[in-house]
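Peer 1: Have a look at this one.
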Amino acid sequence: MSADIEAYQDQLVAWRRHLHQHPEASFEEHETVRYIRAELEPRLPGATFENLTPTSLVVTLDTGRPGPTLGLRADIDGLAMTEDRPDLDFASTTPGRMHGCGHDGHTATIMSALVWAHDHLDELTGTVLGIFQHAEETPPGGAKEMVETGRFADVDYFFGFHYWSTLPTGTVDIKPGPASANSDLFEVHLRGEGAHASTPEDAVDVVTAASSLIQQFLLIPSRRVAGLDPCVVSTTWMDAGRQSALNVYPPEAHIGGVVRTHDDGVRDTVEAAMRDMVRGLETANPGLRCELDYLRGYDMVWNDPARTAVVHELCEDLFPGSVITDPPMLGGEDFAAFSRTAPATYVFVGAGNAAKGFDAGHHNPRFGLDEDAFPIALRLVVEVLRNGPRLAAG
């Protein structure tokens with residue numbers, strides 16, 4: 001750990017552990033925002049603090065010298081789930097809430113980066129924004145809400161990162177172009193005619209129709225989308241009838257799931273194919289009525305190739321031999337709203353360590369972060385700040 005980073009490590013860990021003990025889910029982050037502000041205001045004299053929404057915060061550091069405006073983003077929300085880490089003395093104290101995706105670590109790291117920036121203002125130019133964003137976990141997402149205020153119209157470059165528990169500590173994954181997937185949701189509501197199970201000819205059978213639709217949706221990635229284009233269509237939920245009435249054809253059924261793509265054209269193709277299939281099912285089943293609700297959720301995160309090449313170079317200099325480029329994930333990430341506003345880079349920082357018990361996947365009740373990853377991320381954020389003019393110029 002470099003000396004200028006080591007000085008910030010203890011406070012970073014303390015902040016992260018406090019946040020971990022007091023998680024708040026999307027749109028509930030009132031105490032989280034109050035805590036961030038209370039901790040940073042005395043450490044950042046001259047900075048300005050804005051609540052763009054009731055549960056978000058933007059901290060502005062002006063160096064007083066001409067230069068670019070850089071946005072450093074941290075998502076701050078936890079999850080509505082119960083933690084299963086009795087081995088941690090800083091486990092969640094809030095029933096039914098936990099930081100199960102590392103946002104506590106992101107928040108504490110960007111807090112530390114802002115303190116570093118304030119301590120080294122003479123090394124920087126332009127303006128630094130610390131963006132503490134609410135509701136990453138709940139579409140349409142807090143990033144979109146913050147961007148729509150217009151506050152970031154003059155930002156030249158955004159940087160974000162994610163601690164990743166399935167990558168070993170010491171590894172940094174950085175990729176140009178797509179870093180995450182377009183993340184959409186769908187529901188189909190089918191309505192027909194109920195009947196006694198002994199007289200199926202009297203029913204408009206929504207159970208069989210829904211089952212047929214699920215099978216048709218499975219064919220979209222392989223029959224409507226080119227084989228080299230990543231695409232996932234997963235039906236994850238079905239509701240029809242009741243076990244207490246096994247001799248009854250129900251009058252309605254409902255299915256739902258997710259669509260993930262890395263290309264906007266493929267996204268359009270999938271939605272169009274689903275609508276075609278729903279209409280075709282109605283035509284083939286007189287009396288059947290189907291309604292498709294297709295919700296476009298998070299867009300894919302787009303890593304600007306030129307700026308991301310610069311960050312890749314910085315990573316190679318900082319962590320030689322530890323930089324990888326994995327394929328883009330098919331998970332969703334609402335940093336996309338920032339990456340569609342100005343050039344951006346989003347990086348995955350390994351924080352997994354099986355020997356310490358930190359190898360559970362994200363959104364798992366036993367999820368955890370290896371705190372040895374924190375100085376790695378902080379060093380990277382500091383180098384991004386030092387190279388702000390270069391990154392803004394592309």
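Positions of Cβ are set from backbone N, Cα and C atoms, glycine also.
Unlike curated records, TrEMBL annotations are generated automatically.
According to TrEMBL, the protein has these features:
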BINDING   CYS101, HIS103, GLU137, HIS162, HIS363  Mn(2+) binding site
DOMAIN    186-279  domain 'Peptidase M20 dimerisation'
Peer 1: Using a Cβ-Cβ cut-off under 8 angstroms and a sequence gap of six or more, which residues of the chain neighbour HIS162 (Mn(2+) binding site)?
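Peer 2: For HIS162 (Mn(2+) binding site), the qualifying residues are GLY102, HIS106, GLU333, TYR346, VAL347, PHE348, VAL349.
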Peer 1: Under a three-state reading of DSSP, tell me whether HIS363 (Mn(2+) binding site) is helix, strand or coil.
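Peer 2: SS state of HIS363 (Mn(2+) binding site) = coil.
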Peer 1: Excluding CYS101, HIS103, GLU137, HIS162, HIS363, please set out which residues of the same chain place their CB within 8 Å of the center of the CB atoms of the Mn(2+) site, keeping sequence order.
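Peer 2: Output for this site, in sequence order: ASP75, ASP77, LEU79, HIS99, GLY100, GLY102, GLU136, HIS362.
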Peer 1: By the DSSP assignment reduced to helix, strand and coil, which category contains HIS103 (Mn(2+) binding site)?
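Peer 2: In three-state terms, HIS103 (Mn(2+) binding site) counts as helix.
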Peer 1: Please list the DSSP helix, strand and coil residue counts for the domain 'Peptidase M20 dimerisation' (186-279).
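Peer 2: Each residue of the domain 'Peptidase M20 dimerisation' (186-279) counted once, the result is 40 helix, 32 strand, 22 coil.
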Peer 1: Around the Cβ of HIS363 (Mn(2+) binding site), how many other Cβ atoms lie within 10 Å? Please give the count over every shown protein chain.
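Peer 2: For HIS363 (Mn(2+) binding site), the 10 Å Cβ neighbour count is 13.
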Peer 1: Let me check the 10 A CB neighbour count of HIS103 (Mn(2+) binding site). How many other CB atoms are there?
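Peer 2: Excluding its own Cβ, HIS103 (Mn(2+) binding site) sees 26 Cβ atoms within 10 Å.
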Peer 1: As a test of the contact definition, list every same-chain residue at least 6 positions from GLU137 (Mn(2+) binding site) whose Cβ is closer than 8 Å to its Cβ.
Peer 2: ALA25, SER26, ASP77, GLY78, LEU79, CYS101
